[in-house]
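Quick look at what TrEMBL lists:
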DOMAIN    47-148  domain 'Copper resistance protein D'
TRANSMEM  6-27  transmembrane segment
TRANSMEM  54-75  transmembrane segment
TRANSMEM  81-104  transmembrane segment
TRANSMEM  132-151  transmembrane segment
Amino acid sequence: MATLLYVAHVLCVVVWVGGMVFAMAVLRPAAHAALEGPQRLALMEGVFRRFFRLLWHVVPLVLLSGWGMLFGWYWGFGASIWHVHLMHTTGLVMAGIFVFVALVPWRRMRAALAAGNGPAAAAALDTIRKGVLVNMVIGLATVAVATWGRFGG
């Protein structure tokens with residue numbers, strides 16, 4: 001069971017963090033180079049609609065599989081090692097940022113697009129970008145530190 005939880009945890013983290021890296025480092029620059037504002041907004045609306053729908057499933061699986069390993073493998077917080085505490089803390093922070101981004105600027109962006117208000121949609125998209133960027137940096141740092149903690153000491 002521990003192996004199944006570990007595999008689920010790692011795969012979900014890869015989808016979450018990898019999706020953010022793709023969005024920020026590949027898709028966004030390509031969209032800015034090739035598309036005008038309204039087309040770019042439409043593209044990013046479709047991208048984030050699909051990505052956030054996926055994350056509503058992935059994020060709880062990351063947390064639940066992490067807690068399953070924490071209490072099944074390490075017997076709770078008291079017996080766990082430093083990188084597990086770090087993953088727990090950053091996982092909760094990242095989940096909070098995701099929920100904020102999905103519930104506040106994402107809703108604003110969709111409402112602005114539905115109303116034909118391109119500038120408001122662009123402002124909301126910029127807030128989404130900032131939230132995704134912060135989460136991406138936290139996620140990459142967490143993966144690096146967690147890997148170091150597991151294999152490096």
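From the backbone N, Cα and C atoms, a Cβ is placed for every residue, glycine too.
Those TrEMBL annotations? Automatic predictions, nothing curated.
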Can you find at least 3 Cβ pairs under 8 Å between the transmembrane segment (132-151) and the transmembrane segment (6-27), where each pair is 6 or more residues apart in sequence?
yes
DSSP on the domain 'Copper resistance protein D' (47-148): how many residues come out helix, how many strand, how many coil?
90 helix, 0 strand, 12 coil
What mean pLDDT score does the domain 'Copper resistance protein D' (47-148) have in the model?
95
